[in-house]
Amino acid sequence: MAGHNESEKKSSDAVNDLQTFRAENLQSNMKVIYYSRTFLSIIGGVIAGILGLTGLTGFVFYFLMMTITSVALIAKAKFSIHTYFDSWNRVLLDGFLGGLLSFVLFWTFAYDIVHIF
């Protein structure tokens, strides 16, 4: 993941020290989150379909997968989120609904394929 550029200290006071982010690095980090969530949603959907998870248990499996994904992304950032992202919400919530749609698509497809044959 790409880091940010720290602003130059204009005074010795820590309050005046602001973090600045390069737009390219922030955009690259957001792409990593989006692609990771989408990929793991597809893989999770296939696994849920093969295991035969239905109804609420399938959605619980999705939320578990996304929690694991968020923790893994935070660990990859060495638990220093504000070095790579402008807020915690970027890591925890971005790509969540898009991933849910991919999960449901592959979940139902894999479930139908496995249980028809």
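The first residue you see is number 1, and the count goes up from there.
Just so you know, glycine gets a Cβ as well, placed from its N, Cα and C.
Long-range contacts of the transmembrane segment (32-53) within its own chain (CB-CB distance under 8 A, at least 6 residues past either end) are made by residues 1, 61-62, 65-66, 69, 72-73, 90-91, 94-96, 98-100, 102-115. Positions annotated as transmembrane segment by TrEMBL: 32-53 (among others).
For 59-79 (among others), the entry in TrEMBL reads transmembrane segment. Residues 1, 32-33, 36-37, 40-41, 44-45, 47-48, 53, 85, 91-92, 96, 99-100, 103 of the same chain sit 6 or more residues outside the transmembrane segment (59-79) yet have a Cβ under 8 Å from a Cβ within it.
Annotated transmembrane segment per TrEMBL: 91-111 (among others), in sequence order.
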